[in-house]
Structures are given as structure tokens and as C-alpha cells.
Amino acid sequence: MKYRLLAGVSALVTAAALSACSSGGDGGDGAGGVTTVDVWLMRDSVSAAFQKEFTEGFEAAHPDIDVRIQIQEWDGIGQKITAALASNDAPDVIEAGNTQVAQFAESGGLLDLSDRKDELNGDDWLKGLAEPGSYEGKQYGIPYYAANRVVVYRKDLFAKAGVDAAAITTREQWIDATTKLNKGGTQGIYLPGQLWYALGGFIWDEGGDFATESGGRWEGALDTPEALRGMAFYARLQALGKGPKDSDEDDPPQAEVMAQGQVAQVISTPGGANVVVENNPQLEGKLGFFPIPGKTAGTPGAVFTGGSDLVVPAAAGHPDAAVTFIKELTGDAWQKKLAVAMSYVPNRTTLASAVADDPGASAMAVGAANGHATPNTPGWAAVEAENPVKDYMTAVLTGGDAAEEAAKASADITRAMNAGS
Amino acid sequence: MPAVRERPAPRVHRPPTTPPGRRPGRSPHDLWPYALIAPAIGGMLYLLVYPLVRAVVISLQDFRLRQLISGDAEFVGLRNYRTLLSDPRFWEVTGRTFVFMAVNVVLIMVVSTLVALMTERLRRVGRTVVLCALVLAWAMPVVAATTVFQWLFHSEFGIVNQSLTALGFGSFDRYPWFANGTASFTILVLLIVWQSVPFAAVTLYSALTTVPAELYESARLDGASASRIFRSLTFPMLRPIFMLVLSLEVIWTFKAFVQIWVMTRGGPGDATTILPVYAVQTALSSQRYDLGSAASMITVVLMSGVLVLYFRQMFRQEDDLR
Amino acid sequence: MTLPSRRVRRIPLNAAAVVTVVVCLFPVYWMVSTAFKPSRDIQSAEPRLVPYTWTLDHFRRAVQADGFELFWRNSILVTLGAVLLSLVVALGASFAVARLRWRGRRQFMLLVFVAQMAPWESPIIPVYIISRDTDMLDRLPTLTLVYFMITLPFTIVVLRGFLATIPPELEEAAQVDGCTRTGAFVKVALPLLAPGLMATSLFGFITAWNEFAYANFLIIKQQDNRTLPVWLSSFQNTFGTDWGATMAASTLFALPALVIFLLLQRHVTSGFAAGAVKG
């Protein structure tokens, strides 16, 4: 009978431990009929100021809905969204990169929003966002914003070096100008070794691609002569600054590096300039934009049409509130504000005029004419998750044999793209 | 981590056997022990055995993102195992796992034995300082240590590159360690050895202190050399605890995951991908939970060879404990 | 053998000792000193072994980062919960193993040994599925349970080892004096076991405090329930180029482990010594 004491103590401790731990837990639904809509947005997709303004505006317009926005990191996001989609209590709205939607749609984890298309002005959506957002004829991803990369440059440093940004229209001129700028403490361009979207642009310029399809099977194509020429140009440009060869634009965040003041150019979405200024207010007004130069003066450099869609998980607790949220955020008023605040391309062609006066957006619009996408297949997400392209770039930049490394990376891409099937 | 307290002293002078329970056969208390172990058994069954069984089941199914979300997966027999075993990449990873394990374990055992022998010979103050240093390194949380190592080997501001450059090795100026497969592999080995040596060294040192000093005295009087004393006296006495530490280190390095995942994610390329990393990569990046589970199961099977060794040692100790 | 020559002979030994200490401590030292250095010194081409000027800025930045306190508290709660739970459960089990005779004892220990060696990272997907189906995702108690499981086997093994060093005769004497069996155990053996309990909780604490994979995968939507290791691993995202803050946060993360280890170290060795003497 005496072991009761022990059992009692153990039960007590257990209970105490468990109850102590659960206190930080729930908090989903408030009282009084207010629903909380949980939203995941990506890092740098909205500025803190815009987030606050929008949340306040939204909650004023919809007193019955509370908005709780969590900012997610791009690093490892695929796995995070997977875990969320498979859970019973997923966030209500998730921002996903346009290239990621296909994979999640295929798995059946997303809510089919086809019948909301009219309500959300679906006819005017940007193709580069709407198409990756649909799978087998159904619309899962609602276009949120688009952006492509431009060159963000320091007007003052250009002036000091006697370089006219407007005159840079070809790659060779760009290299010359950057070489001129890359003097003393100044980096001509800060190009991290693994900015693979920029590499994509150079490869598309040459007529190559990351992967090609034949007979339903995808194969990595980094080892084609076109792709190798793209990489060679990347290496030339990368050498004109101190970008780390072994990391991407998020590590360290390139906007923060530019904010330190020693960098003349970065390849970034125009929104990146806002982050630079946020980190170093002294650079206010000193940042300019020009489209990434192409091979010849007539054509702008090819760019990756990046952007995000908003998706609603099938397991979301408040799908109606989620749609209300999406409707507001993708509606006329907030899209215009967002586009101006973040220098994005609005999600609908009819809103393009909103950013007509914005220098970043107009540079972006030039590039957008030569916009490209990564292979539109569920298998591509697996490539991005492992990213052999990044390893390939680092290997070449640190002295590896380009052809050999490219063959290896292509084989990895082939494997990753076909692993799921 | 039981080894420290397993009382390594060889028990030559013990009476042959002592019955495990001191008061045999008291019938009213027959249920006692079962009640006492019930929570432990329950916990292990529900939190370990059950998930492991589920993992085996998944490895026999066609289980991807769709099945993870909706349930109802289809059984496919041994297909996943066949896919894995016929994949050259899997074999590369397996080979690398063994190399990684062997390099680590050899280094850990050699270094920690040397450190233990050294510590024993030190005077009191020196011994305390060394033990404290070991304990501090031991207590350093894995994630924190990994972060620190990343910082030490940072390409631009890392102290390692700066020191090497200052020493005249100009080629290490901004050398990107984590871009090179061999270099990353080496750094991970360094990290794991650095983290594992304290435990092994302290344990071996504790075992050393149980060797009676008179034995050394008489051996020395007999004119035996230092290396001979180690071979024919110290090591045989240390053997049981040495084997125990060895098998623990084998298992721990085989399972090393956090360091690699946080530091390199298995990259660059596949250079630091060992089996546990491969399993997680397959499961999470390619959404092939079935293949990932199969890879884990194969890992378990490969580890069980080492386990057999460990159990034998454990039970030998067990018999000693009675 | 004269004194000076002995001193000379000790030089290599002492040199080796110094090397050992430096190698062990340097990463720890570098973490702490980077955390105290001003950013300008951290990012200078001339590294300084001893900070030129000291600053608390990085600590301020780390502590003020979103949710640092919360994650710290979460980690402490989860870890302590798991350690206490496994201590209590293991105490019962190791008592049964070390003091009582029953059928299946050996099999039970085999199970414990197997459990101790089990690669507990591999059933992460099943654990995810099970927690989802029992509505335990996103909750700290789930992590407590998982860590309980991770620490339980070796807690049993270690406690049993300690228990075996305490002569049962002591308890038997108390029983003769009229104590019940449990009473004798609680009054006589438990106090003697205190160092063992501490040493054991130490290992449990380190393991649970460190755990990363489960914490990373089981806490999804309630980001307020994340633990420190997960947060720390995403640090470069949080702090960007600020390695000073990263190191400050690492220091704060390592601190409890270092402190507890140093505090309990005496008990670990004394407990061990006791065991060795009585062998």
C-alpha cells in the first residue's frame, strides 16, 4: 500500500509538468464570435509598417475577424508548409512562392478556390502567377504580387565613379561599369555565389534552361553549352565584388550588406531597396534602379518572374474568413498600396498604373517583358528544396571544373525532379 | 550515457554470485515490481515501440505528401527497399556513413585515451583545471557549439581564416570552408570529436583511477616500460569500460544528425550526407516518407551489428553488478 | 632522480595539459568574447583575442529579439517537465530492477538497453502523425512527452547503477527497526541516492535542452511554442550579419547547461567515487 505515495508523487509531478507546459498553448478563437484568421506571410513580403496598416484597416472593416500574421523564413519553408498542410489545425492563409503551389495542390492539401475566381477578379490576374497557381484546371493559388529582379544601385557612387547608369544597356557595358566601380573600399557589385535566380536569367539569355522535358521526363540541363555560358558570365560578374561564394542572398541578407554602405550594386527586387533604407536611413534617395542588361542593347536581360500566391489549406479552420482576408489583401485598394509600398507588380494587369511613377517598378516592367519561369511541374519543388544549382554555382566559383560540375548538378536535378514519380 | 556510473572496476574479488533480490519470494508483493515498471513500459511502448512500428508500416507503403494529408496509404511490399538498394546514391551515402563513423570514433578513442592518461599523471591543480575544461566543453549545447564552429570557420570574419592568413597562408584569405566537400567533412569531424572527447575522456579517466596504484608500483619495480605497462596492465583493466565507451561513440556518431543538419544540410553536394541526414532529406525534401522510413530502418539494421557488441558488454557488466 | 630533471620531464605532460585546456575552452571562450565585442571589432581584419572594449549591445539585441524570453521559458518548461517525469518513472523502475526479484527482469533491462540505443530521430514522421491524430501537435506537452521518452532509458540505467552502490543491508536494518519497505527506502536509500539523482537529471537536462529535430517539426502553427534550439538555428535569418548577437544568444542558450553542469559536477564525481569505492 505504501507505494501509493510514490505513485501519487509521480502523478502530481506529471500533472504539474504538463499543466505548466500547456499554458502557452492555444489562443485560436477569441470569445464573442470573433474569428482569428492565422496568416503566414514570407519574410520581406510586406514591410512592418504595411503589415500594421493593413491589419488595422482590415480589422476596422471586419470587426468580427482578428488577423494574426506570422512572418516565415524562406529557408526550409517547403517542409514547414508540408507540416502545416498535413496538420488538423493549419493556418488559414499561407503565402507560397508561385513555383511551389503545384506540388501542394497535387497532394490534395489545398482548398479549391475555383468558384471564388470571379469574386476575386480572376480574369485580370497576371498569367505568371495565375498559371502556376492552378493545377489540373482548378485554381488553388490566388495571385498575390509579382516581382522580378533589377539592378539596385547607388546613385552617389555611380556619379563619383563617373558612370551613367542609363547608358548601361548591354552586358559588356555593365561589366565595364562595374569594374570601374570596384575600387578602393567599394564593391562594384555584391553578388553572393548562390543567387541562382540571377544565374537563371543569364542562362535564359543564352537560350538555355535549368531543365528540359522530353517525353514526359525532365532532365537537368545545366551542362548544355548555353547554360555553361550563362554560368561563365555569372562568375565574371561575381568577381567584381566581395560577395561570399558559398551562400545566397539571405545569408547574410544582401540588403543589410548594402546598407553598410560599401556596395555599389545588388541584384534584387526593387522592394529590396526599401529594406536597405530601413537599415540605413542615410541612403534615402541615393538608390536607383535599372533593368538587368541583356546581351544586346535591344533586349533586356531575361529575368525570373517571381511572386507569390495565397493558398488556403484544406485543413484551415476558418476558410470563409480566409477568403475574406484574401479578398481584401488582393483587392484594389490594398494591392495599390502594397505595390507602391513594396515596389511590387500588382496581381492584376488592370492595376499596373498604380506603380507607373515608381522608378523601381518601371525598371522591373522593362525586365518583365522578358520574364521566364522555372519548370512548371510538381517535381521542381524538390529541386528547390535540395538545390543542387546552388552547390554547382559555389563549386564553379571556387575553382571547380565548370563542365564537370554542371554534369553532376544536372544529374542531381534529373534525380530530384523524377524522385516523386 | 550510463558508462560513468557503471562502476568499471573489474570485480575480481567478488563472491561468485549474489542473488539479484535480497528477499526472495515474498508472495504478497508479487505485483509490486510490475506496478513499478508499468509507467516505464507504458511510456516506451506508446512513445517508442508504437512509432517505430508505424515507421516500419510506412516503409512498406506508398506514402507521400498526399497520403500524409489524407491517410489511407497502399501497401507495396518491399518496393521501397528495392528502390533504395538499387540506388547507387544510397550506397555512396552508406559508405560515407561508415567512413564518417570510423574516422570520428578512432579519433575520439585515441584522443580521449591520451587525455585520460595525461590527466591521471597531472598534479592536483592541473587535473582540476583539465577536468573543468572538459566538463565545460561537454556541457556546451550541440546547437550552440555548431553555431560557434560555423562562426570560427566563417569565410570572411572567421578566426580560423584570419589566423591562417596571418600565419602566411595567403590562400586562406576568405577561403569558403563550407563550399568544399572535404573541408566541410573535416570541420564536422572536428566538431563531433570536440564534443565527444570530454565524455569519453572523463569516463576513461574515472576508470583509470580505480586501477590500484600498487599494481603500477610493482610493475615499475619489475622494470616494465611505460608502453608495456599500458599494454599489459592498464588496457586490460580498462577493457570493459573502453569497449562500452567505444560502442556508445559508434552509435552516437552513426546517429549524428543535428550538427550536420544545422551546419551543412548534408551539402555541399552530398559531401556530408550520412544515413540519418539522407533519411530526413528523402522524407522532407522529396516528400518520400516511405523511402525515408525505409532508409531509417536500414540504418537500424546496420547499427544492430554494433548493438550486439554493446549488449554483450552491457550484460557482462550486468552480471558484475549483481 | 633529482628534482630539476623531474620537472623537465614533466614539461611535455604539462604542455599537453595546456593544449587540452585551450582546445576545450577556445570555442566556448570565442563565443562569449565575440558576444561582448563591439560589431566593429568583430568585423575587423585584425582579430582580437581579448575584446578591446566591452559592450552589452549584443545581449540587449538578443534578449529584445522577438520572443526570446518566451522561447527560453518554453525550453525550460519542456526540459524540466521531461526530466522530472523521467526521474520519477525511472526511480520506480530502477528500484524494481535493483532491489526486487521478479520474472522478466532481464528482459525488461534488455528493452531498456534497446530503447536507449534506438535512433529516436527516425520515427519522427510517425510521431508527427500520432500527435496530429491525437490533437497534440503544436503543443509543448507533446515535446515534454517525447523528451521524457528520449531521456527515460538512460535515466533508468544510470539510476539503477547508483542504486546498486547502496548496500541493501542499510534498508534491511531500518526495516528491522520497524520501518516498512517503502519507508526504509525513502528514509535511508533516497538521501544516499541524491547525488545519483542529480547526475542523472544532468544528462537528461542536456539532452532535452538540446533537442532540435522534434521541436522543429512538431511545433508548426503556434510559433510562440518554439524552443530555443529551433530559434537559434534560424538565427542567421533573425540577426542577419550580426554575429555578435548570434553569439550572445548562443551564450544565453548555453548558460543554463554550463551552470547546471558546473554546479552538479561535484555530485557527479562524488557519486561516481562512492560507487567506485564500494565496488
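Any Cβ shown, glycine's included, is placed from N, Cα and C.
Per TrEMBL, region 'Disordered' is recorded for B:1-26.
Packing against the transmembrane segment (B:31-53) from elsewhere in the chain is no residue: none 6 or more residues past its ends has a CB under 8 Å from a CB in it. For B:31-53 (among others), the entry in TrEMBL reads transmembrane segment.
Under the heading domain 'ABC transmembrane type-1', TrEMBL lists B:94-310.
Sequence annotations record features per position, and here TrEMBL assigns transmembrane segment to B:98-117 (among others). Tertiary proximity for the transmembrane segment (B:98-117) is limited to same-chain residues at least six positions away from its ends with a CB under 8 Å from its CB atoms, namely 130, 134, 185, 188-189, 192-193, 196-197, 200-202, 204-205, 207-208, 230, 234, 242, 245-246, 249-250, 253-254, 256, 274.
According to TrEMBL, the feature transmembrane segment maps to B:129-154 (among others). For the transmembrane segment (B:129-154), the residues of the chain that approach it from at least six positions outside its boundaries are 115, 118-119, 122, 160-161, 177-178, 187, 190-191, 194-195, 197-199, 201-202, 205, 258-259, 262-263, judged by C-beta separation under 8 angstroms.
For B:174-194 (among others), the entry in TrEMBL reads transmembrane segment.
Taken from TrEMBL, the feature transmembrane segment covers B:241-262 (among others).
Within the chain carrying the transmembrane segment (B:291-311), a Cβ under 8 angstroms from the stretch's Cβ atoms is held by residues 55-56, 58-59, 63, 80-81, 83-84, 90, 94, 97, 243-244, 247-248, 250-251, 254-255, 275-276, 278-284, all 6 or more beyond its ends. The transmembrane segment annotation in TrEMBL covers B:291-311 (among others).
Sequence-distant neighbours of the transmembrane segment (B:174-194) (same chain, 6+ residues past either end, Cβ-Cβ under 8 Å): 100, 103-104, 107-108, 111, 137, 145-146, 149-150, 153, 155-156, 158, 160-161, 164, 253, 256, 259-260, 263-264, 267-269, 271-272. When Cβ-Cβ distances below 8 Å are used as the criterion, the transmembrane segment (B:241-262) is approached by residues 1, 3, 6, 8, 97, 100-101, 104-105, 108-109, 112-113, 142-143, 145-147, 188, 191-192, 195-196, 199-200, 203-204, 207, 235, 272-277, 280, 299, 302-303, 306-307, 309-310, 313-314, 317 of the same chain, each at least six residues removed from its ends.
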